[in-house]
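Here TrEMBL flags 36-90 as domain 'P-type ATPase N-terminal'. Per TrEMBL, transmembrane segment is recorded for 63-81, 87-103, 288-311, 342-361, 839-860, 887-907, 937-959, 971-994, 1006-1030, 1036-1061. Taken from TrEMBL, the feature domain 'P-type ATPase A' covers 124-186. Look at TrEMBL and you will find Asp407, Thr409, Asp797, Asp801 tagged as Mg(2+) binding site. Here TrEMBL flags Asp407, Lys408, Thr409, Glu507, Phe548, Lys571, Arg602, Thr682, Gly683, Asp684, Arg770, Lys776, Asn800, Asp801 as ATP binding site. Per TrEMBL, the feature active site, 4-aspartylphosphate intermediate maps to Asp407. Residues or ranges marked as domain 'P-type ATPase C-terminal' by TrEMBL: 823-1076.
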Amino acid sequence: MLRWIRQQLGLDPPHQSDTRTVYVANRFPQHGHYVPQRFADNKIVSSKYTVWNFIPKNLFEQFRRIANFYFLIIFLVQLMIDTPTSPVTSGLPLFFVITVTAIKQGYEDWLRHKADNEVNGAPVFVVRSGSLVQTRSRNIRVGDIVRVAKDETFPADLVLLSSDRADGTCHITTASLDGETNLKTHYSVAETAVCQSESQLEALQAVVECQQPEPDLYRFVGRLTVTQHGEEIVRPLGPENLLLRGARLKNTKEIFAVAVYTGMESKMALNYKCKSQKRSAVEKSMNTYLIIYLGILLFEAILSTILKYAWQFDDKWDEPFYNKKTEQERNSSQILEFISDFLAFMVLYNFIIPISLYVTVEMQKFLGSFFIGWDLDLYHEESDQKAQVNTSDLNEELGQVEYVFTDKTGTLTENEMHFRECSINGTKYREVNGKLVPEGMTDDSPDGSAPHLIGEELLFLSAVALCHTVQISYDQPDCLLAGGDPFSHANGFSSNHMEYYASSPDEKALVEAAKRIGVAFTGTSGNTMEIQTFGKSEKYKLLHVLEFDPNRRRMSVIVQTPSGGQILFTKGAESAIFPFTTGGEIEKTRLHVDEFALKGLRTLVVACRHFSAAEYVEVDRRLNAARTALQQREEKLQEAFSYIERDLQLLGATGVEDKLQDKVQETIEALRLAGIKVWVLTGDKHETAVSVSLSCGHFHRTMNILELLQQRTDNDCAEQLRVLARRIKEDHVIQHGLVVDGASLSLALRGHEKLFMEVCKSCSAVLCCRMAPLQKAKIVRLIKTSPEKPITLAVGDGANDVSMIQEAHVGIGIMGKEGRQAVRNSDYAIARFKFLAKLLLVHGHFYYVRIATLVQYFFYKNVCFITPQFLYQFFCLFSQQTLYDSVYLTLYNICFTSLPILVYSLFEQLVHPHVLQSKPALYRDISKNAVLSMRTFLYWTLLGFAHAFIFFFGSYILMGEDTTLMGNGQMFGNWTFGTLVFTVMVITVTLKLALETHFWTWISHFVTWGSIAFYFIFSLFYGGIIWPFLHTQDMYFVFVQLLSSGSAWFAIIIIVITCLFPDVVKKVFYRHLKPTNTQKSQPLSAASTQDLSCVESLCCYQHGQSGCYRMACLMEQMTGQCKASANNCHVPSRNNRSWSDTENFCSNDRSFLTLSPIEATC
């Protein structure tokens, strides 16, 4: 038990050595001194809380918030000393805030637990005691033999033992790991490949020795020791033998494999970042402003305490005749009295810190997040998927994004390839109706006639049809399992009968194109490959496959031709082929490759080499020696490949188009216009990534592309960075683009971060290729922690993107065709990349403006609330007498002023959604926390102080000298004065919010005018009836008498107008003299809503109208009497708009977001 606790705390990891030994089927040695290693279980955990730690951990996180911690202290003070107000006034709101927040966060974490349980509870089959046993995924142990069927996901990291194929191979897709939906071939060793039944596997005596878990998806070093007839046979294991958790079995009926890494030790889990609490920039600003207000509170409390004692320095005020001190009070410590009075003033003024702000913010975020899911423009009809919100804490952060980091495959592209052009022996061809047609010629041959292809063309097509790792699936695959002729489909084959599966989408597209042209690959049996050349069958013996790797950037096959000769076919990137060619039309082909690339096509170059008998013997010897080496296997293989892939004869090149997702180019351009920098981070190879970047508009044709590739040492990397920095300064090019690979990035981040950042920030677009998952997270962290502290967003669709999604301020998962790891670990999930434009430009804009105004308005109305209380102390000898009744103190933030700002924060729209989408530059107006800057915060604060002074002294002027406000000479007292101040305050702060409202709905009208009406009705009932359960009722009949005075009504109207009129004038003149881009676009917004009521912002400045004219419409707009006509609030026609931005993003906004009878079209 103690060891388990130490493991959970991370003090005693399950494994200590550098390697692990896994006994297949858990057949441990029988000798007594063997102690089995301890391994992690197979549970995946993405949740943050458990049943046991939820309460303490959640309370700790909540009390990190300054306001919560402050009110906890105030509540404790109220319990310990005699204070002017009851502890309930602080304790009850605090309990409500903590409870609501805990329920919300608990619900979100419950959803994560639910997703984890679904994964961990998935049924799996394991081999135990010679038979298949069904169990749950979480019960898999290291050493268990697991059976996985076709289209199932691997439940752990497994070493392949056997498959239903005779050669022990299987095909998988790793879409959820590295984004690639293409098939990859994995292999078992010959000694275990024959074990295809449960009984044979149970009898298998084998041991796997491998490295301890590491996050690198592409590295695995181990060996398999098989004991047969008392003899130990050792075979090396590499990445081609390892099946990663999250990958999916394809085109193979079933496989058996042994679990080596389980649960959180699997490579997929190790690439997850530890899930941490993300906090938005608005929340951080709130904490800063709360500290400022805490300083104001301390200043007022200290000043009040000092002035109290200064006033009481005079004996007649220290101990007046009507309030004599007791003996205990005279003998008490002066220091303790000072502290007690200071704390009492702290409690009296504590409402300046708005605890209800957090409640309202939590409700606004939670309720507002539903609008994203309800938005029909974010609904993908084909896949029946709507936008999903996994956490509502970051809604406003969508409006502050400065950097977008996106994956490529499955995020920007559909990963669907189409053959377009090729170059053969220096001649360009294109495919027309299934025939190769030279450039400049048309397909004039009659239908059905065989095309005339010469030797070079046939050799090129044969190379394309043979140089690959493509597998074939037939509609009736059982014929292949029943011992029939594997090539029985060759005669009269049809595209309806077979389907190609490939490890690369390019391979599949090229093999399918060769088939359409007439050279069809029809299958593999053992080591024999068959192609049909215009109906004639040809069989080639597959001798060796030289697999693709990122260093060589090419792959090759060595085959024996039907005539008995040995030939090498190779294909790869032009930079990996051209340097090793010695014959063929090299220059012409190089020119054609450049032309293909300029069209945005993915290019591959094809070459061959003929071997003599002696040359092939040497090639075979080198390859076998390298592949069976236990030490430095990778280096020896590279040496052998370099020896073989030289002296090549160039055959030609291909151009394949990768289909982009819909509107990717327009979306990236919109983000760029919005001031957002887009970085593409992909695990794909350099050439492919650059080609896609060009085709999707990430890189422009006129952009100067800089490269930081294949750097081997720190010095080389630093020198190259300095060269790039000089080029940027010297080149008179407006835009630069940077391409960097994973190896060079590791060197750049090791000791040259500052120089690397300078180069990156000078580039308009950055492309990072060959990136490991954790490298993606490091790039995001590098930008995130730079001195400017920009807001980052990461978007991806696979498990390899989880780290960067969790690292970024905002993580967005794409609901791809396969895998949900990115979606489960993201903050938001959308079905297509194009939805990102509306998510940021519209929803992000709305959420940020709403919550920024909400925060500042809360501080403003609380300053208005407490400052008169502070001023009142100057008139009551700092006796800590409250200005307001305790019920008003409690209900001010809860009832009287809470609903209008909540509704505003849910429905406010400064600009219509169509305008925001069609004018992305409006996003810049709110960037860098512009609406919640220190300047605007100070404006709202000073405005609150100004209004508070007007409330107090306006009421004091009315009642200060003569309190007989009734015709019969009846006098009013201090509660009437406080109620007058409170009434003016409630009306003013509510109308101030009405001034800030630009988008009115019936709900807005109901809560705005309803809040004022509710205050009056409540006060009449509260003060008009004697309530038996109240200990004292100081407010009895006070409000009724106040409203009976015409002078009081006159004072209320005058004070409200005095407070708001200067603000109206300021807004009108600012819009007239110095309007922002957003304000200029508001008339366009009105033009987009022909049916919109004219009850809009009081300061909505229209073209052709003077500021004075708008002020003349003030009362009509407030009462809803302003009609859209030529005589008053003229709404300009749609045809009169003066902007010319593209409207590619404008679509029918059918979302519930607007909640109005708007029906706009583009």
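Every residue gets a Cβ built from N, Cα and C, even glycine.
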Of the stretches 63-81, 288-311, 1006-1030, which racks up the most C-beta pairs under 8 Å with the transmembrane segment (887-907)? 1006-1030
Comparing the Cα of Arg602 (ATP binding site) with the Cα atoms of the binding-site residues Asp407, Thr409, Asp797, Asp801, the shortest distance belongs to Thr409
Count of other CB atoms lying within 10 Å of the CB belonging to Asn800 (ATP binding site): 32
Average pLDDT across the domain 'P-type ATPase C-terminal' (823-1076), rounded to a whole number: 85
So for Thr409 (Mg(2+) binding site), how many other CB atoms are inside 10 Å of its CB? 27
List which of the binding-site residues Phe548, Gly683, Arg770, Asn800 have their Cα within 10 Å of the Cα of Asp407 (Mg(2+) binding site), in sequence order. Gly683, Asn800
Candidate with the highest Cβ count within 10 Å, taken from the binding-site residues Asp407, Asp797, Asp801: Asp801
Top of the binding-site residues Arg602, Arg770 by count of other CB atoms within 10 A is Arg602
Please count the residues of the domain 'P-type ATPase N-terminal' (36-90) that DSSP assigns to helix (H, G, I), strand (E, B) and coil. 27 helix, 0 strand, 28 coil
Alpha-carbon spacing, Asp801 (Mg(2+) binding site) to Phe548 (ATP binding site), which is rounded to whole Å: 23
Within 10 Å of the Cβ of Phe548 (ATP binding site), how many other Cβ atoms can you find? Include all protein chains, please. 19
Thr409 (Mg(2+) binding site) and Asn800 (ATP binding site), compared by Cα position, are separated in whole Å by 11
